[in-house]
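**Student:** Here it is, the structure in full.
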């Protein structure tokens, strides 16, 4: 605001125009200039905001082109359903009720196959049930005389809408039929209340059902045939990525502490935060994935729930990495001599457990049974080594035991003699958290092994025995995702 | 299944009938009996399942009667909107398009005020914009001749639907207008495509807008006037409850470790898990709360985002409590003597920091500026004491320093001489995590203080100065939640 003030105190303002010359702006009145400056500011500010917004939008599209494809898919589905308006025979075929098909497409179309199928099947099922129930209630209401009909209809709407709404609070109903309950309320109240004004109620209900069926079929066709995004595949990929991130941040966190390779890759260090924050998306993906038919390497009854258990195991590791990070950023620094003493074994533990996690990620990615026994063995040996190193600190506390070990500990333990205990604590805490991480890594191995068992991952024995299983483990890119087969099952 | 098998092997089955006598079941053919047993099993199994389901539903309702009230509210709103069908003048008034009002109620009615207002305002705004845009496009299309009209309409639907869908991926749009974008697509394609078949398109658009307006107004009236559930109040309550849970589990976790009061209250111990898992609900509540008008003790521009920061601080404490828990459940037990040595100061740190957190919860609950300086001072003193206790272990490592301190440490340090270092590690880790928790508690205090500043919480100075502020801190139960005032602002 300061320059503006100056302007009013007699400083001449010049505007540089396109050709490079500058001219004095119109200054006949203070007000005009004020308005001009304000308007210019406003527009440049607005222009900047719009520019930033467009840039942001471009980045989103460039980072994940599938989002752009999804948008075009929505456009395509809507344009296709518009044909029911544009083509006379189609329009007459649905008795001018094409709007339900249009509405279905807008309400049901989701970015991934699982969510779309969930909504489609819920919508069809709920429309059927509600439609028949509404016809029944209408029949009863119409038999109860003109005077009582509105009361019967009103009471039935009140009761069934309340009950259906309540069912949405019950977890088992919510996870399977949340959208269905809403469509049920909509269709039921719609058909039964319209019954009061519409004469041919059966035709009305029939048209609603058939147009909704047209809309959902179109959605399913478009979502599965045009660059499908499978929820299950996404969940699978997310799990693999999160494991890799976990391994990376564990490794770089400990390496960073002991070797001072600073600022190398803050993003890798913070990778565990993705693991901490992905619970909600894992839950919803696992919920939608079970609606998906067999696709790619996944069967219809792939154990998606096991992925949630793996996610929980990963998060329990991530909590420990959080604690590790806080050890590292602590104010009271650790003694160099102690750090040096424990660094080898600590680095061994972290590198072996992170390579175990990476191995797990690879096995999940390739859908092979995990072969992490060597990694885990190495990790356990490293943990033992670390515990021995910690124990060797112990001799300092108990002078009686040091006598017989004196010969091989002298160089280090003499040096350590002058270290204040407070400077040992951070390293000891770190080592102790690392041991805990090793324990939790084993739990993670357990949950991945369970997945391998439940999902019939290829074991090494299978591989050597059966050559026909080979095509099952061909990576995504080389094999079309079995969409036609998937479609036939819908 | 064992008894069934026995039956086939010649054991006679008797059925006890209502009057107390028992009779042999019809056993003319093995098949009939088989079918009878199977059917009975099926029905008893089904009956049990239905019974369990109903019991579960009853529990949900009994635990939170507001859910039941919400269901009746939905029923009420739908019954009210049905009046547009039952009353001739109303039905004719909206040109037989009462269905849009009905549909609006079903789609827009949410359990809390914030979400409902968000959807209502989005729906009205998007319908207006899309309606006008559609009329414009229709005008252009109708000028382009019969042959090109469907192409112009189709292209516009494709383009605008794609663009609106894409906008839903942009975070800033998503958080404010996600539902609006969907309604925009629906209304736009609906009006512009109908334009191809409907003659009086302006009337059509006008009716859609006015019925949607009726539906949303009715929803807003019912949601605010009948036992309103305010998202902001819920978020506020959740934050307070989570703080209490955090304090409880911190305290009981450490007490449990040092005093062996086992199995006392596993629920209290695990309270921190609620804090870990409440991020998603906090996010959505904060998002909806900003749509709510002034209600109760909250202004329209209450700093809801700050609650998210408080939530993040609480979670960072909860991660540490997770680490604490893992220390406690470790296999290698700590030495009793060391535990005893550190127990007093550890318990002091945990009790003082948990009482600081409880104090914070109280101050947020009562909307007073937090007065935790005494608690925090106490906590810091306890941390210092703990650090000194840890340092006193240090003398064992460095024999040269123990000489002058020998007199007051002898009883303990003599005992400790025979403790293996490995048995010290768990307690030292625990102490070190506790110190970290104290640091994070201070961060939590900081974020609550920021909330107090942003939301103009009553300070102690205010209280003594201004007596008219008194009514502002009357608890919920004693003051109606200002619904009328809130309604006027909508």
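Using N, Cα and C of the backbone, Cβ positions are placed for all residues, glycine too.
TrEMBL entries are annotated by machine, without manual review.
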**Student:** Quick one: which of A:98-117, A:238-257, A:258-277 does TrEMBL have down as transmembrane segment?
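**Tutor:** Checked against TrEMBL: transmembrane segment maps to A:98-117.
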**Student:** According to TrEMBL, which listed range is transmembrane segment: A:30-48, A:49-67, A:68-86?
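**Tutor:** In TrEMBL, the transmembrane segment feature sits at A:68-86.
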**Student:** Three or more CB pairs closer than 8 Å, sequence separation of 6 or more: does that hold for the transmembrane segment (A:98-117) against the transmembrane segment (A:148-169)?
**Tutor:** no
**Student:** Other than its close neighbours in sequence, what residues sit by the transmembrane segment (A:148-169), given a CB gap under 8 Å and a spacing of at least six beyond its ends?
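**Tutor:** For the transmembrane segment (A:148-169), the list is 133, 137-138, 140-142, 177-178, 181-182, 184-185, 188-189, 192-193, 195-196.
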**Student:** Out of A:68-86, A:124-142, A:209-231, which stretch has the largest tally of CB pairs under 8 angstroms to the transmembrane segment (A:176-197)?
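**Tutor:** Most contacts with the transmembrane segment (A:176-197): A:124-142.
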